[in-house]
Every structure is written in C-alpha cells, then in structure tokens.
Amino acid sequence: MEENKLKFNLQFFADQSDDPDEPGGDGKKGNPDKKENDEGTEITFTPEQQKKVDEILERRVAHEKKKADEYAKEKAAEAAKEAAKLAKMNKDQKDEYEREQMEKELEQLRSEKQLNEMRSEARKMLSEAEVDSSDEVVNLVVTDTAEQTKSNVEAFSNAVKKAVNEAVKVNARQSPLTGGDSFNHSTKNKPQNLAEIARQKRIIKN
C-alpha cells in the first residue's frame, strides 16, 4: 500500500539558463513559429528555443521520476526482507508483528487520505494559475506537508510562466522593427493571453 511520493523543493525551476538558445538567452536563430501576445502582436517562437524549453522540463521530470523508481525498488526490497523475517517467527511473534503491521496500514490509509486531499488542492491551484495540472505534474509538486506542497506549486507555476515570458522577450528583441515575416502587428479583436500562447506551445496547459 506504499505510494510513491516525490519530495523535493522546486526552487531550482526558477534558475535562469545561460544557454543562448534557451528562453531568456541571446540566441538568434530563424525558422520562426508565430504566435500572438496579449497586445495583439505576433510573437516568434523558433523551433530551437521551444526545443530547449521542452528539454529543460523533460530533464527535470525525468530526474524526479528516476528518484521515484529508486524509492519503489527500495520499498520492494524492504517488503521481501520483512517476508523472510516473518517466516522465521513463532506464533506469538507473528501475532505481535501482524498487529504492528495493521497499525502501520491504518496510519498509511490516513496519510493517503491526507495526500489525496493535498493533490486535489494542488490541482486546483495549478488550474487557477493556468498551468498544466496533469497527474504527472501534480505528483511532482505534492509532498506530505501542505506548506511544502503550496511552495512547490508556486515555484513550478512561476518557473513555467517565467520561461514563457523570457521566450516572448527574446523573440521581440530578435524581430525586425518593420517588415519581415518574423514580427508583424495583428489587428485581431481577441488577443491571446500568456496562458493561451504557452498552451499552444505545450508549456502551459489547462
């Protein structure tokens, strides 16, 4: 009944990259993919920049997944060890052992209930921030304490939005002031907000 939990502080998500090809860097590459900002101006997202953003997030998710896998293996080894220990016990020892295990299971159920409640709250906070609230992300930010979970949600939301903002700034600097295909003014009546731009680029999702 043990459940994998990823316990970590997402403050490192806020670190700004020095890679010139990542959002916030100084890379200047072409082949743009255009989107609009909230002023109705088309924003250029180069494939290289989008690839870098995706790689950063994927690496960090993979890192936490690896930790979760290692945690699961440790728990499996502990379970095998306990089974071998139980096989060597006499009746009284087994009764005492089983009683202790039952108490642990009850405590685990209480912890799981609390964890599920925190997952629901974390998903709500991510949705309100217009950030991806999938099970994978929720499992990354949720810990066994409400305070740390809230801190993780805020750090993750801010980091993703910062990456999008930096990409917008970089593309604005790279685009020519007049003419060209990479930076044009739009006259559409319905501007896209930050979340809509990011959602189309697979960074922020509903």
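Just so it is clear, glycine is given a Cβ too, placed from its N, Cα and C backbone atoms.
Annotation source Swiss-Prot lists compositional bias 'Basic and acidic residues' at 25-38 (among others).
Among the features that Swiss-Prot reports, compositional bias 'Basic and acidic residues' is placed at 83-127 (among others).
Summarising the annotation, Swiss-Prot assigns compositional bias 'Polar residues' to 173-192.
Positions annotated as region 'Disordered' by Swiss-Prot: 1-50 (among others).
Marked as region 'Disordered' by Swiss-Prot: 83-134 (among others).
Residues or ranges marked as region 'Disordered' by Swiss-Prot: 173-206 (among others).
Here Swiss-Prot flags 186-206 as region 'Helix-and-hook motif'.
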Stretch-averaged pLDDT - the region 'Helix-and-hook motif' (186-206): 43
Tally of DSSP helical, extended and coil residues in the region 'Disordered' (83-134): 43 helix, 0 strand, 9 coil
